[in-house]
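A.B. asks: Here it is: the structure, laid out below.
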Amino acid sequence: FSLALKHITVFTRRCCSYNTLKAWLPILSWLPKYNLKWLKMDVLAGLTVGLTTVPQALAYAEVAGLPVQFGLYSAFMGGFIYTFLGTSKDVTLGPTAIMSLLCSSVVGGEPHRAVLLSLLCGLIQAVMALLRLGFLLDFISFPVIKGFTCAAAVTIGFGQVKNILGIQGVPQQFFLEVYYTFHKIPEARIGDVVLGLICLALLVTLMFMKSSLTSDSDSTCSMYARKVVWAVATMRNAAVVIAASLIAFSWETYGNHVFTITGKTTRGLPPFRPPPTSDTTANGTVVSFGEIVEDFGGGLAVIPFMGLLESIAIAKAFASQNDYRIDANQELLAIGVTNIMGSFVSAYPVTGSFGRTAVNSQTGVCTPAGGVVTSVIVLLSLAFLMPAFYYIPKASLAAVIICAVAPMVDYRVVAKMWRIRKLDLLPFFVTFLMSFWEVQYGIVGGIAVSGALLLYSMARPHIEVTDHGVLVMELSSGLTFPATEYLSHIIHTRALQVSPPRSVVLDCSHVSVIDYTVISELRDLLRQFKLREVHLIFAGLQVHPSILKVLLAADLEGLRHNHSMDEALQMESRNLLDD
């Protein structure tokens with residue numbers, strides 16, 4: 001018997017340790033079941049996403065104010081890390097428009113600082129995951145998110161107009177950017193304008209062709225044609241950039257500098273090395289690690305949060321669509337480790353991409369292993385295709401970015417908020433407008449306004465007062481210290497300061513939370529009711545353990561009776577008759 005018990009104990013320990021290991025390495029959940037069919041679908045999805053990732057990564061590096069190769073440096077580590085640590089089969093990690101904009105606003109286009117920012121963001125995200133702090137994202141409301149994404153889309157999209165026009169010397173700050181873009185329109189290059197508009201028209205046409213595809217025909221020919229159109233439309237970014245590059249190359253070959261091209265880029269794979277912890281300015285001054293972190297300021301809090309928020313929102317959306325579950329804290333860990341390891345290959349902060357995740361899901365990816373194929377394509381591009389990137393016109397990359405961010409401007413959400421709850425428009429517009437000044441200020445301002453509205457609703461709970469011979473005050477929610485003064489004011493003005501004073505039945509049937517500050521105020525109210533020879537009766541108080549603990553700690557004699565509403569009204573009616 002003792003031997004059998006020993007074997008059972010060892011087996012249980014092994015199972016527990018294996019289950020724990022699976023929780024930290026989700027790859028162990030699907031890898032033993034991997035098969036040839038999954039491999040085919042993952043390779044197809046990885047190839048498709050890879051052809052989308054390369055041109056987008058180059059374009060987003062422009063948004064971040066970094067050399068274009070840094071977009072590719074940031075695009076491959078996520079595929080490898082997420083395969084081991086991710087819990088969503090669809091999510092792809094890499095550079096995105098919003099993270100590139102945030103990075104630009106914090107590091108000002110300095111590559112060394114962008115790489116260090118990736119390390120620090122990754123550490124913050126990983127620590128949050130280990131401490132199970134994913135719930136903090138719940139405090140960023142939907143209006144704040146929408147206000148930020150709409151402003152970011154406008155900022156990013158308008159920021160590319162200068163590349164469509166081919167003008168130089170436009171500052172990054174949004175309001176100055178608007179002014180100088182219009183001021184320098186006479187300097188626009190015809191070649192860039194024509195090519196940029198053609199690229200935009202092609203991208204929009206292919207996007208609409210993909211969305212309008214139907215399956216109403218059963219013929220093999222039409223089915224094959226739809227597949228071809230779907231494939232071309234899905235890889236439209238790569239197709240347009242390649243076509244534009246060939247056009248630019250042909251003009252440059254004959255010595256006609258018609259287009260503004262990307263120019264020389266660093267060839268080969270990035271070296272694997274620790275991120276720099278100091279920086280050197282143009283005049284040779286060494287900037288220490290502490291000074292760099294100080295310069296990052298609030299961006300060091302905003303960027304990790306927005307990265308987590310964007311990626312987890314995408315993961316949850318596709319998990320719901322495809323009927324599986326994700327672990328939010330595990331997703332935090334995957335993003336954090338990706339940013340940490342990415343900093344060793346000169347990457348700037350990354351997160352989940354909605355557009356590439358949608359392509360991944362639509363192509364039929366079966367496991368996170370599709371990200372490995374995408375990462376290999378990015379590495380091959382770095383190793384062999386960098387000389388070809390010299391001829392990519394900036395106008396074509398600008399068209400790719402504009403088409404990528406345009407769907408983020410959701411103007412319909414304003415009408416929905418107006419119909420459902422008009423107060424939600426306040427944090428939305430605060431975030432939207434302040435984001436044009438500084439992106440971080442917009443997010444912080446929106447969160448502050450949302451928090452103020454939340455605190456106001458706690459401090460001013462709805463109290464319905466009815467007269468049944470005695471005053472009945474029905475509380476709609478929990479009683480906590482912000483509501484104490486408001487409740488006391490209502491009771492004083494409606495019951496104690498009238499002549500003659502009136503008894504009150506406090507209907508607490510909806511109260512599930514109460515704290516000691518409220519109890520202290522109620523103690524004072526009971527004393528004042530007793531001095532005026534009227535009654536304060538509590539009806540329907542739910543005696544939850546937390547409430548009972550507070551009541552016992554208060555040692556409040558007046559609260560020892562808890563009645564139903566009918567009992568409270570009958571008892572007070574008898575008191576009135578006796579009087």
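Glycine residues also receive a Cβ, built from the backbone N, Cα and C atoms like all the rest.
According to TrEMBL, the record shows the following:
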TRANSMEM  67-85  transmembrane segment
TRANSMEM  115-135  transmembrane segment
TRANSMEM  147-170  transmembrane segment
TRANSMEM  190-208  transmembrane segment
TRANSMEM  228-251  transmembrane segment
TRANSMEM  296-319  transmembrane segment
TRANSMEM  331-350  transmembrane segment
TRANSMEM  370-390  transmembrane segment
TRANSMEM  397-414  transmembrane segment
TRANSMEM  426-456  transmembrane segment
DOMAIN    469-579  domain 'STAS'
A.B. asks: Over the domain 'STAS' (469-579), what is the model's mean pLDDT?
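C.D. replies: Across the domain 'STAS' (469-579), the average pLDDT comes out at 73.
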A.B. asks: For the transmembrane segment (67-85), which recorded stretch in the set 190-208, 331-350, 397-414 gives the largest number of Cβ pairs separated by under 8 Å?
C.D. replies: 331-350
A.B. asks: Would you confirm whether the transmembrane segment (147-170) and the transmembrane segment (426-456) meet the contact rule of 3 or more C-beta pairs below 8 angstroms, pairs 6 or more apart in sequence?
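C.D. replies: These two segments touch.
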A.B. asks: Looking at the stretches 331-350, 370-390, 426-456, which one shares the most CB pairs under 8 Å with the transmembrane segment (115-135)?
C.D. replies: 331-350
A.B. asks: Tell me if the transmembrane segment (426-456) touches the transmembrane segment (228-251). I count contact as 3 or more CB pairs below 8 A, with pairs 6 or more residues apart.
C.D. replies: no
A.B. asks: Restricting to the same chain and to residues at least six past its boundaries, which positions have a Cβ under 8 Å from a Cβ of the transmembrane segment (426-456)?
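C.D. replies: Same-chain residues near the transmembrane segment (426-456) but 6 or more away: 101-102, 105-106, 139-141, 143-144, 146-148, 150-152, 154-155, 174-175, 297-299, 302, 305-306, 413-414, 417, 482.
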A.B. asks: Any chance the transmembrane segment (397-414) and the transmembrane segment (190-208) are in contact, meaning at least three CB pairs closer than 8 A with a sequence separation of 6+?
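C.D. replies: Answer yes: the transmembrane segment (397-414) meets the transmembrane segment (190-208) with 3 or more Cβ pairs below 8 Å.
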